[in-house]
Structure formats: C-alpha cells, structure tokens
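Pulled from TrEMBL, these are the features on record:
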- His74: active site, proton acceptor (ACT_SITE)
- His201: heme b binding site (BINDING)
- Cys43-Cys123: disulfide bond (DISULFID)
- Cys76-Cys81: disulfide bond (DISULFID)
- Cys208-Cys240: disulfide bond (DISULFID)
- 33-329: domain 'Plant heme peroxidase family profile' (DOMAIN)
Amino acid sequence: MADSDSSRWLLNLQGRCLMTCALLLLAAVSSEQLSENFYDAKCPQAMSVIKQKVDKFVNADRSVAASLMRLHFHDCFVRGCDGSVLLNSTESMLTEKEALLNKGSIRGFEQIDEIKYELEHACPGVVSCADILAVVARDATVKLGGWSWPVFLGRFDGVVSFADEVNGSLPARLDSYAKLVATFAKVGLDAKDMVILSGGHSIGKVHCGAFFERLYNFQGLNITDPSIDPSFAAFLKKQCPQTNPLGFTALDTTNGTFDSAYYHDLLTNRGILQSDVALLSDPLGVEYAIKAVSDPQSFLFEFGQAMIKMGNAPGPAPYGWRKHCAFVEHKP
C-alpha cells in the first residue's frame, strides 16, 4: 500500500474510532432510566433474534427497511417512544394507525409481530414492543449501509393510542422550516437534529400525490415549481403522471442505500417534498446539508446521535410489556 493510501486509511480509522467513542459517551449520559444492557440477564438472545429477523425481512424486500425505521419515528413523535403506533383500534379507541397521516402510509406491522412472537417464545413477558421498534430502526439502517449506534433499552409499552393526537405531532409534507423545528422540539430535538434526521429519507419512498402541487400546480398556477431542476421535473412527471397519484417514487437518487445523497439532491434542486426543500430556507439547514455532502461519514455518525436522542422521548402513560404489540391485555 502506498504511503499516501496508508495515511488516508489511518486517518479514516482514527476518525471513525473517535466518532464511535463520542457515540458511547452520548449513550452513557442520555438516560438514567434506560440501559444498553437491559436485557442481557433476562433475554440475552434478544438482540440477535431481532437482527436475524431484520436481515431476513430486508433481504427479501429492501424497501421494508425504510418502513421499519419510520415506525420508530412515528411512535416517538406521538406520546413518546411507547409502542402506541402498533396498537389496533377497538370499539372504544381509534388508534394512531387510523390517523390520516398514518393510514396507508406506514407498514411493517406484520414484521414487528413476527419478531415479537419469536421473542415471546424465547423470553415470555420480557421485551417491550417499544424497545423492538428502537432496535429494529437501528438494525434496518445498518443493513442498508448506515452506521450502528447504541440503543438504550427498558422502555415501557403504552396502554392507549389516539388517532387525533397524530395531527400536529408528526412532521407534515408541507411544513415550513420553522414548523419542522417546532414539531421536533416537542420531543426534545433541536434544529440540527431535525436536519440530520430528515436524512432518513435517504431510504424512503413517497406517494406521487404528496408532491403533485410542486409538480403540476405550483402556488395554484398550473405550473411546475420553477426551483426544481428541469430535467429532474421531467423525470418525475414520467414516474408520476397526474393520473397516478398513488404511485411511488424514491426520495433520493440512491434509494436502497443509506447515505448522504439526499442532501446532494437538495443542493442540486432535486428535492421532492416541500418539507425537504424547506431545509435549505435556513442557513443552518444549508450548512448541515453541505457538511453531509462533503463529509458523508460525519452524517452517518450524527444520524446515530440524533436517533439516540429521539429514542429517549418518554411515554406519558407506561403500562409495562405487552405480550402482543397490537393490543393490550387486561392485567388481573
């Protein structure tokens, strides 16, 4: 190996080691309640069971990785990280699954149920559904090229879930930068976290109808948003004709790989959702987008940091550990 190549390799290794140490330090101070080793004694095989299942799911369908990550987001932003997004509706309770922003747009419930079934067989009544979501989000990200991060464990599952709490709690596709910052602040995340966690769209897909205003009726004028790169707009119109609002398109140019290409797309006028493009309306958003493109490893590291913070959002009404993630058992 040439001297210059050896030097670059050592610098890269040193940089990654420093980032890993910083992640561990953040993990050590992030929460007194949760512990990375929470299940080591009661269910030592829990992490390997989850990883094996995630590997199986993503190997069969790479697009499911984004869905599994998204479940953790949608869980933590509504009532904290308590697994409430997984609950089915009952006669007396219309749950988060049925909310307009969730219905038909989030999936992965069957995969979570399968993981929970395996864990209940191995360690009955031990691993919470909320913890499963947190670990699955990490493992799905790593499976597609992201860096790992420590996941704190010991969350309680919630006992209730309300559809009417979703609107106003989740970020929405038309949100401005200020609105996004305010929404993330509700779960203890700052503007930097918001910009970094938006990079989760690196492995996502979106319904075509979610950006039809930009593509076909910008500001009600029946024109295409002039800020979109013309060649990209033409590509999107082929992917998403007006007759197919329920079709899908990828949210970045390397869909299926977790990387910083999402930010490169934003900086080259190839962003899709209005809320994505809004990141560049503030100097901080521009700064972090440029940083993510110029230093992709820094983005992978900082994404893990932000996920640790998000995963600490507490649920307001802890119940314990649900035996089935989709419903609540009545305790004697």
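A Cβ is built for glycine as well, from the same backbone N, Cα and C atoms used for every other residue.
Taking the Cα of Cys76 (disulfide bond) as the reference point, the closest of the recorded positions Cys43, Cys123, His201, Cys208, Cys240 is His201. Among the disulfide-bonded residues Cys81, Cys123, Cys240, the ones whose Cα sits within 10 Å of the Cα of His74 (active site, proton acceptor) are Cys81, in sequence order. Ranked by CA distance from Cys43 (disulfide bond), the recorded positions Cys81, His201, Cys240 have Cys81 at the top as the closest. A straight line from the CA of Cys240 (disulfide bond) to the CA of the residue listed as 'heme b binding site' spans 18 Å.
Annotation for His201 (heme b binding site): same-chain Cβ neighbours under 8 Å, separated by at least 6 residues, are Leu251, Asp252, Tyr262, Leu273, Asp276.
The disulfide-bonded residues in question are Cys123, Cys240, and the one with the fewest Cβ neighbours inside 10 Å is Cys123. The two recorded residues Cys208 (disulfide bond) and Cys81 (disulfide bond) have their Cα atoms spaced 29 Å from each other. Spacing of Cys123 (disulfide bond) relative to Cys81 (disulfide bond) is 22 Å (Cα to Cα, whole number). Here the Cβ of Cys208 (disulfide bond) has 21 other Cβ atoms within 10 Å, regardless of which shown protein chain they belong to. Within the same chain, residues at least 6 positions away in sequence whose Cβ sits under 8 Å from that of Cys81 (disulfide bond) are His72, Asp75, Ala130, Leu133, Ala134, Arg155, Met310, Gly311, Asn312, Ala313, Pro314, Gly315.
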